[in-house]
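Take a look at the structure set out below.
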Amino acid sequence: MTADKPKELSLTFALRQQNVKRLSELVQAVSDPGSPRYGKYLTLEDVAELVRPSPLTLHTVQKWLLAAGARNCHSVTTQDFLTCWLSVRQAELLLSGAEFHHYVGGPAETHAVRSLHPYRLPKALAPHVDFVGGLHRFPPTSTLRQHPEPQVPGTVGLHLGVTPSVIRKRYNLTAQDVGSGTTNNSQACAQFLEQYFHDSDLAEFMRLFGGDFAHQASVARVVGQQGRGRAGIEASLDVEYLMSAGANISTWVYSSPGRHESQEPFLQWLLLLSNESALPYVHTVSYGDDEDSLSSTYIQRVNTELMKAAARGLTLLFASGDSGAGCWSVSGRHQFRPSFPASSPYVTTVGGTSFQNPFRVTDEVVDYISGGGFSNVFPRPSYQEEAVTRYLSSSPHLPPSSYFNASGRAYPDVAALSDGYWVVSNHVPIPWVSGTSASTPVFGGLLSLINEHRILRGLPPLGFLNPRLYQKHGAGLFDVTRGCHESCLNEEVEGQGFCSGPGWDPVTGWGTPNFPALLKTLMNP
């Protein structure tokens, strides 16, 4: 990685919000089928009215930034983020301790302007700002894997990898299970790698694999920059499988929405959500960071942003990660390593499975990479109290209690196939691509089809799914009961994390979609 000194940069100030507790109560009310407010979602304007920073906060921060020489400042509808341009010298005076450099590194020659040193806010400002974004975190890297091709025994009745028709067969979709083309329904995927998808790859993918169902062969809207570079496998995968599972539904792509190398794309995506009143109902996101690598102010504030989306009736699906339970060493002792936003209580987290026989459409077992576990930051939400308690008291293979925080938010919530996908990228069909960034758009696409039925029947979209999902005890899902995921390679756990079992588990959640049954479960008002 090389570093030199940039001249100016763009910083995002997350301003202290009001009424966050009230916001969480409203999320509960609009997402719980037992509540009289169920499905009566807030508009962006309602959310703004609730969380907008106090006049004192707005005044103090603006005054301080003007005095520091900030220019070209932009806010969002909710007024709780302010993005400004500063010279590097001004930024370093303003944020004592920070030192900004221009970094280039990684396989994609990623450019980023960051400070490796922590910063301190002036005393007068600290109570008014949660964090300053665009300082530390480098752009994420992909965890997708391409497996060597398994050896095929005789070929009668076999498939050679996961394609849309294999997914549609396994999850019991018929040719009629596609969007009607008559509603305002839409879905989106967001990815923050320095990667792009190419329309021509999507068209070729649909030509090869979309022959037996109605579909759209191009994206309705790209938000952010679509570079001219080579297509990335992850970007291609997200779009191709969201649009073949959620077939014939209008699709948006959020593509590395940070417009400048000093911006963090994930944070920019959150800003876009807070600045647009009409958004797709379902968002699938293949992005995560180790919980322990994030400051508590950042993680709590991002969680509030996810809460704002839930209050508005958006369904946010996050990949559970590709490292099983994860592993890290804390003062010489091993522990599992949870991932965020997978561990947020306000998103639906998607784990991964494999076919029991990789060449047949069979029952599913755990894909050993499927991310899952217990948050060290967020306590267990009430909606999953019963399910998690049951798992902890009945699982025959629990890891030692020192490895995980049994009282934390447990994830994933659901799962889908994550192993052995075909993807078209840079005009080439590529086999055996694996990761929960495959299962997440598949699950999201199926929820978009259910939203389509709900909209046609005059019902509100599904919104934040978890309270309903856990109340129904996973009805409409295939329970995955075989297999364990990976973790620390030491004598104590020998590489094994949690194991799946009947009902909910922290490897595959409630299980994988049985579309007709799930549609029936989620169609009752």
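Cβ coordinates come from backbone N, Cα and C, glycine included.
Curation plays no part in TrEMBL annotations; they are all automatic predictions.
Annotated in TrEMBL:
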ACT_SITE  E234  active site, charge relay system
ACT_SITE  D238  active site, charge relay system
ACT_SITE  S437  active site, charge relay system
BINDING   D479, V480, G503, D505  Ca(2+) binding site
DOMAIN    161-525  domain 'Peptidase S53'
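Separation of the C-alpha atoms of D238 (active site, charge relay system) and S437 (active site, charge relay system): 7 Å, rounded to the nearest whole number. Remark: G503 (Ca(2+) binding site) has A387, R390, Y391, H473, G474, D479, W510 as non-local neighbours, by Cβ distance under 8 Å and separation of at least 6 in sequence. Looking at S437 (active site, charge relay system) and E234 (active site, charge relay system), their Cα atoms lie 7 Å from each other. Within its own chain, D505 (Ca(2+) binding site) has G372, Y391, S395, V480, F498, C499 as residues 6 or more apart in sequence whose C-beta sits under 8 angstroms from its own. Compute the center of the Cβ atoms of D479, V480, G503, D505, which mark the site for Ca(2+); besides them, the chain residues with Cβ within 8 Å of that center are G474, T481, S500, G501, P502, W504, T508, G509, W510, G511.
The most densely surrounded of the active-site residues E234, D238, judged by C-beta neighbours within 10 angstroms, is D238.
Neighbour density for S437 (active site, charge relay system): within 10 A of its CB lie 32 other CB atoms from the protein chains shown. Most Cβ neighbours within 10 Å, among the binding-site residues D479, V480: V480 holds that distinction in the structure as shown.
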